[in-house]
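Shown next, in structure tokens, is the structure this report addresses.
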Amino acid sequence: MGSRPRGALSLLLLLLAPPSRPASGCPAPCRCSETRVDCGRRGLTWASLPAAFPPDTTELVLTDNNLTALPPGLLDTLPALRRVHLGANPWRCDCRLLPLRAWLAGRPEREFYRDLRCVAPLALRGRLLPYVAEDELRAACAPGLLCWGALVAQLALLVLGLLHALLLALLLSRLRRLRAQARARSTREFSLTAPLVAESAGGGAS
């Protein structure tokens with residue numbers, strides 16, 4: 001008798017427990033805890049940085065790596081992201097950092113990013129990244145590299161726009177289908193109840 005309440009309580013706690021992130025959702029070589037992704041102190045570079053992170057990531061740790069820049073659009077694909085730890089990286093302040101600087105400029109909590117300093121080029125060494133002007137970043141790149149970086153950023157934004165449009169189209173299609181099913185169900189119920197109502201009315205008149 002006493003074991004049943006304990007068993008019911010255990011089942012209730014299991015049902016109320018927050019779902020854990022599946023192992024496949026955590027990119028190697030990072031470690032994940034709930035919506036926090038820790039990729040710090042992994043020796044990551046531009047080439048070895050994971051191509052994507054779980055979309056529900058709220059905190060991303062990239063400190064103490066060998067990152068000189070981030071792939072364009074990487075942080076923009078994380079709508080729930082609230083904080084990114086970017087310190088202790090050898091940031092090269094050129095046109096490839098324009099997407100990161102734009103992302104930082106739109107963050108309300110700028111105090112977390114005031115320690116990001118440029119390591120290269122020599123003209124910008126020691127400068128705080130959030131306070132480096134866009135023109136200075138563009139000037140640090142060759143024209144060809146600047147055009148290539150802009151093209152990559154535009155392609156990333158285009159892909160994101162297409163994905164959003166596709167999701168919106170699927171949602172609208174689903175809503176139309178549900179509305180049509182509800183309308184058909186209502187028509188079917190009316191066709192079934194109408195003869196009964198007519199029969200009841202006829203019986204009362206006789």
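All residue numbers here begin at 1 and follow the chain in the order shown.
Each residue, glycine too, has its Cβ placed from N, Cα and C.
Quantities reported herein were computed from a predicted structural model and do not represent experimental measurements.
What Swiss-Prot records for this protein:
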type	residues	note
SIGNAL	1-26	signal peptide
TOPO_DOM	27-150	topological domain 'Extracellular'
DOMAIN	89-143	domain 'LRRCT'
TRANSMEM	151-171	transmembrane segment
MOD_RES	Ser186	phosphoserine
MOD_RES	Ser191	phosphoserine
MOD_RES	Thr193	phosphothreonine
MOD_RES	Ser200	phosphoserine
The topological domain 'Extracellular' (27-150): DSSP-derived helix, strand, coil residue counts: 38 helix, 19 strand, 67 coil
Rounded inter-Cα distance in Å - Thr193 (phosphothreonine), Ser186 (phosphoserine): 11
Other CB atoms within 10 A, centred on Ser191 (phosphoserine): 9
Whole-number mean of pLDDT values that fall within the domain 'LRRCT' (89-143): 89
Local Cβ density at Ser186 (phosphoserine) - other Cβ atoms counted within 10 Å: 10
All-chain count of other Cβ atoms within 10 Å of Thr193 (phosphothreonine): 10
